[in-house]
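Here Swiss-Prot flags 1-38 as region 'Disordered'. Feature annotation from Swiss-Prot assigns transmembrane segment to 66-86, 299-321, 351-371, 383-405, 428-448, 492-513. Here Swiss-Prot flags 87-298, 372-382, 449-456, 478-491 as topological domain 'Extracellular'. Taken from Swiss-Prot, the feature region 'Extracellular/lumenal pore loop' covers 107-121, and the record attributes it to similarity to another entry. Look at Swiss-Prot and you will find Cys166-Cys192, Cys253-Cys284 tagged as disulfide bond, backed by similarity to another entry. Feature annotation from Swiss-Prot assigns N-linked glycosylation site to Asn230; the stated evidence is sequence analysis. Taken from Swiss-Prot, the feature intramembrane segment applies to 457-477, supported by similarity to another entry.
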Amino acid sequence: MTDPAGPRGSETERLLTPNPGYGTQVGPSPAPPTPPEEEDLRRRLKYFFMSPCDKFRAKGRKPCKLMLQVVKILVVTVQLILFGLSNQLAVTFREENTIAFRHLFLLGYSDGADDTFAAYTQEQLYQAIFHAVDQYLALPDVSLGRYAYVHGGGDPWTNGSGLALCQRYYHRGHVDPANDTFDIDPMVVTDCIQVDPPERPPPSPSDDLALLEGSSSYKNLTLKFHKLVNVTIHFRLKTINLQSLINNEIPDCYTFSVLITFDNKAHSGRIPISLETQAHIQECKHPSVFRHGDNSFRLLFDVVVILTCSLSFLLCARSLLRGFLLQNEFVRFMWRQRRRVISLWERLEFVNGWYILLVTSDVLTISGTIMKIGIEAKNLASYDVCSILLGTSTLLVWVGVIRYLTFFHNYNILIATLRVALPSVMRFCCCVAVIYLGYCFCGWIVLGPYHVKFRSLSMVSECLFSLINGDDMFVTFAAMQAQQGRSSLVWLFSQLYLYSFISLFIYMVLSLFIALITGAYDTIKHPGGAGAEESELQAYIAQCQDSPTSGKFRRGSGSACSLLCCCGRDPSEEHSLLVN
């Protein structure tokens, strides 16, 4: 028979032994009451990690941040669309003017010939140079656009003139291929010829000779081909973008800096010819548009966006601050009562990443909106910077919507899968990146001189990434096939290089990557949560058995929750669906 003292002794020992458990006692004896201070802290912790729906049920607190985010999504998206239409017109205007300049100033230019457009004889080079200058002088008579000359050109070599024709060459250069000798002084000398545009209106016939003598000095240009580095033509033109009238905006005044380059650095018998432009936008003087509508609505709308984002920033920053203060209180309490040090990962559970994302989007939106107001007032011209700020902020705002979708169990699959798979995916990507960079460097140094897609490290990376996705695979092989006659060794290496890369990354790396995601998805399908073990902080909070409708969270309204929140959630899912 069992000794009766045995159970009584073990029971006594169990009761006298300190138990670090969180409020769960097994046995017939009642659990010691929880101190009011600890119960209050646990209840506040539970309320802090509640969803907006549960907070509404607990205190009758309306989800103001949720409603504000919905309003912010609408106004930010509308603002982005309005600015996008305006920015599209500005970018299109710059691109079309650049194309027009290439057809005007480059002799024999055709669309799509930027990489192959070049001069191969001395006569072709002289003709190309003189054609560009002649077209510049005759621009008002030949151009379909309305352009004006700018004296000074913004270049130090123009010396107050409208156009600068410069050749750069080595200070001393003697090359004798017959004897395999050369004598080069690498110091570069620049000689420029200034050309002034004709005055408008056209001069009288008696002044034709003087005009011809004044504007044809560039015809005396003599190029030093044996030591020539390059020839450049630089000038500036003014024009007005009238397309903005479509969006009920005041037109912008543009100044285009045009640079034509004849590049002879390689001394290979081929001189590439290129034309590049830089557009500078400034406010027009004394603008007058008949029947132009009032633009105050755009300004008022931008002010509404700034106020909305400022309010969102304050609310989210306040929530982050409350989390930080509650974290400090929890850390001090656990150390004072249980001498337990809270780990960094438990501290980070108080930091709501979604609020950080929303705060970042608010800062970007406010900055972009202020810049947009300056652009529409013609005080700024940073279209690209403004578009990046507004575009990124809109992306973050829409991504922030996922937080509220995760309160629904069926919509939480994406975030839960990412949370479970992210650590493994990051470790896996670190290993893959080492192999990928090795292939990039190898392809660039070996195949770069023979394949246009391997000419730079960025192009190599883009090409290899396309191969992983199965794009341009045949074109890449075909381009190397054409080089087989030039170097059979390089061609053989390219076959080994491409086949090994494709086999490794498509059949192994991609398969393992997909397997990691699939494994994470299979994990979250098991009962008991989103695939991750319950942390000690969540276990501590779970000891608070008070439901949101118990009235112990400061009695509030018990009305039905918002349609955008989750209703009737199972208590077992309450903590598994939390997204901090």
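Any Cβ shown, glycine's included, is placed from N, Cα and C.
Overlay of Swiss-Prot feature records on the structure.
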residue : record                      : Cβ within 10 Å
Cys166  : disulfide bond              : 17
Cys192  : disulfide bond              : 19
Asn230  : N-linked glycosylation site : 17
Cys253  : disulfide bond              : 17
Cys284  : disulfide bond              : 15
Could you state the CA-to-CA distance between the residue listed as 'N-linked glycosylation site' and Cys192 (disulfide bond) to the nearest Å?
12
Please work out the mean pLDDT for the residues of the region 'Extracellular/lumenal pore loop' (107-121).
85
Ranking 66-86, 383-405, 428-448 by Cβ pairs under 8 Å to the transmembrane segment (492-513), which is first?
428-448
Take the topological domain 'Extracellular' (372-382) and count its residues per DSSP category (helix H/G/I, strand E/B, coil), listing them in that order.
5 helix, 0 strand, 6 coil
With a cut-off of 8 Å between Cβ atoms, can you find at least three pairs linking the transmembrane segment (66-86) to the transmembrane segment (383-405)? Only pairs 6 or more residues apart in sequence count.
yes
Can you give me the Cα-Cα distance between Cys284 (disulfide bond) and Cys192 (disulfide bond) in Å, rounded to a whole number?
32
Would you kindly give the Cα-Cα distance separating Cys192 (disulfide bond) and Cys253 (disulfide bond), rounded to the nearest Å?
29
Which residues of the chain, 6 or more past the ends of the topological domain 'Extracellular' (478-491), have a CB below 8 A from one of its CBs?
446-447, 450-453, 498
Residue counts (helix, strand, coil, in that order) that DSSP gives for the region 'Extracellular/lumenal pore loop' (107-121):
0 helix, 2 strand, 13 coil
Quickly jot the same-chain residues contacting the topological domain 'Extracellular' (372-382) by Cβ under 8 Å, restricted to those at least six beyond its ends, or write none.
79, 83, 249-250, 252, 280-284, 295, 298-299, 302, 390
Tally of residues which DSSP labels helix, strand or coil - the topological domain 'Extracellular' (478-491):
8 helix, 0 strand, 6 coil
Using DSSP reduced to three states, classify Cys284 (disulfide bond) as helix, strand or coil.
coil
For Cys166 (disulfide bond), the three-state class that DSSP assigns:
strand
